Amino acid sequence: MAYKITSLAGDGIGPEIMASGIKILEAIAAKYNHTFEIESHPFGGAGIDAAGDPIPPETLKACQNADAILLGAIGGPKWDNAPKRPEDGLLALRKALGLFANIRPIQVPSSITHLSPLKKEIVENTDFVVVRELTGGLYFGEPKHWDDVAAVDSLTYTRVEIERIIEKAFEIASTRNKKVTSVDKANVLASSKLWRKIAEEVASRHPDITLEHLYVDAAAMLMIQRPTTFDVIVTENLFGDILSDEASVITGSLGMLPSASHAENGPSLYEPIHGSAPDIANQNIANPMSMISSVSMMLRQSFSLFKEADAIDAATARTMQAGFLTADLGGNTSTTDFTNEVLKQIEGGE
């Protein structure tokens, strides 16, 4: 079977880490006899440079026709004053594809627990997932207005928006440790009262999965105090934006973590959580781990290639345990050397 993948390398370190991700895909294809049809297109700043638009029509069409999309990174000071910014392309892509659920796994490999800003005994064995709603809430609510006297933002959520994201969280929890933590502010916000009510309704359809509720301030505190108590966290757009970024620093480096964004139907988008890091671009020092892990997520969640994804995850773990660490992890391994070691581990693994 052939899998169609649209590659959006983007800007800054994006092309370097995308090259790593594609090499990993090629190794998996060779070892397990798969065909990955990879089509590259300009996006973000590269799209502006190539076609005057962060998401040129050809790029959007390729994304819509793909089985999955890989994104490197976008943005940079070069386009700060452009009429359309690179980030506008990502918002447009999310809207065009109907991407409503952002999935961010948080894990701390034993080889880098010493890099976490938290104590080793706190972060050891951390393994949870943040599920963030992407299409509703304060970021998209109307009316929205500001002037010198006052400003208005509107927080709106519909039953459909809430129910589908909470169902997604329960779906993920069913494959993990069967616990969902729903995060809201139901003691203050009307939208959170509806959120909590619907969470209970969804939970009643999944009796084998435990549901707990936390106010967002308590969740933010517990994520630092006892991160190992979480399995799947689900929350609305603004809270998810903040909590997922808070969770990301537990590992000690943004270069470690992947993310996925899913629609109800159609292709999903996989990308590292970090930015384009233009200050280290083209120096062969970027950590490709988050891109490689994004490839693993894609194989697992879009293509159901679980054995192949496990092979990638095991290879990256062995690579780091052997001391191959990039600069952000306190080492001096280059982007290409790290990638080559992972390739070696994939080829030599079971």
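Keep in mind that glycine also has a Cβ here, set from the backbone N, Cα and C atoms.
If you check Swiss-Prot, you get these features:
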BINDING   76-87, 275-287  NAD(+) binding site
BINDING   ARG94, ARG104, ARG132, ASP217  substrate binding site
SITE      TYR139  site 'Important for catalysis'
SITE      LYS185  site 'Important for catalysis'
BINDING   ASP217, ASP241, ASP245  Mg(2+) binding site
Reduced DSSP state (H/G/I helix, E/B strand, rest coil) at LYS84 (NAD(+) binding site) is coil
Please give me the CB contact count at 10 A for LYS185 (site 'Important for catalysis'), counting all chains in the structure.
18
May I ask which residues of the same chain, at least 6 positions away in sequence, place their Cβ under 8 angstroms from the Cβ of ARG94 (substrate binding site)?
LEU134, THR135, SER261, LEU269
According to DSSP, folded down to helix, strand and coil, what is ARG104 (substrate binding site)?
strand
In DSSP terms, helix, strand or coil for GLY76 (NAD(+) binding site)?
coil
Among ARG94, ARG104, ARG132, ASP217, listed as contacts of substrate, what is the widest Cα spread in Å, to the nearest whole number?
28
Can you tell me which recorded positions out of ASP80, LYS84, TYR139, ASP241, GLY275, ASP279 are within 10 A of ARG132 (substrate binding site) by Cα, answering none if there aren't any?
ASP241
Whole-Å Cα distance, LYS185 (site 'Important for catalysis') to ASP241 (Mg(2+) binding site), is 15
